[in-house]
Amino acid sequence: MESESVPTVPQTTRPGPRCYNCGENGHQARECTKGSICYNCNQTGHKASECTEPQQEKTCYACGTAGHLVRDCPSSPNPRQGAECYKCGRVGHIARDCRTNGQQSGGRFGGHRSNMNCYACGSYGHQARDCTMGVKCYSCGKIGHRSFECQQASDGQLCYKCNQPGHIAVNCTSPVIEA
């Protein structure tokens, strides 16, 4: 009996997250101790949206060529190419780019769009980012405002930050409770 050898995949270690602020590995931009660096002029102290220098043509992160962004790169595979749309169920685009109007079945829920629950209005059949109804208050259940804007009594609310009733986390003045 001949034994088959199973090919092994070499393990690579990743250096951790890459900071979009300074470009170094090991931390994220929100944890960066260096000043923000402008994407346009590479100077510190301001963002590209606030830059007074003429806008520079940037190179694509995928291929290094100027004139297009990574999402439009002809050299790299389109990450949305295999994406399945939650609205129409077709492959090749995502819901926010969908040109289909109407309530067709499909998507990753096996053809049952009604299983999707909208966090904004509480209805089924769409996601919050596609909601046309408006926001829903988690405190009183009414549509048109969010819980931190609710005018009704907040006795039943429980703060996620301090676990005390009467307010919600956005209005909490207590320090965070460590678990």
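Including glycine, each Cβ sits where the backbone N, Cα and C put it.
Marked as zinc finger by Swiss-Prot on the basis of sequence analysis: 17-34, 36-53, 58-75, 83-100, 116-133, 135-152, 157-174.
Tertiary neighbourhood of the zinc finger (157-174): same-chain residues 139, 147-148, selected by CB-CB distance under 8 Å and a gap of 6+ residues from either end. With a cut-off of 8 Å between Cβ atoms, the residues of this chain six or more beyond the zinc finger (58-75) that come close are 39.
Sorting the zinc finger (157-174) by DSSP state (H, G, I as helix; E, B as strand; all else coil) yields 3 helix, 2 strand, 13 coil.
According to DSSP, the secondary structure content of the zinc finger (135-152) in residues is 3 helix, 2 strand, 13 coil. For the zinc finger (83-100), residue counts in helix, strand and coil come to 3 helix, 2 strand, 13 coil, using DSSP.
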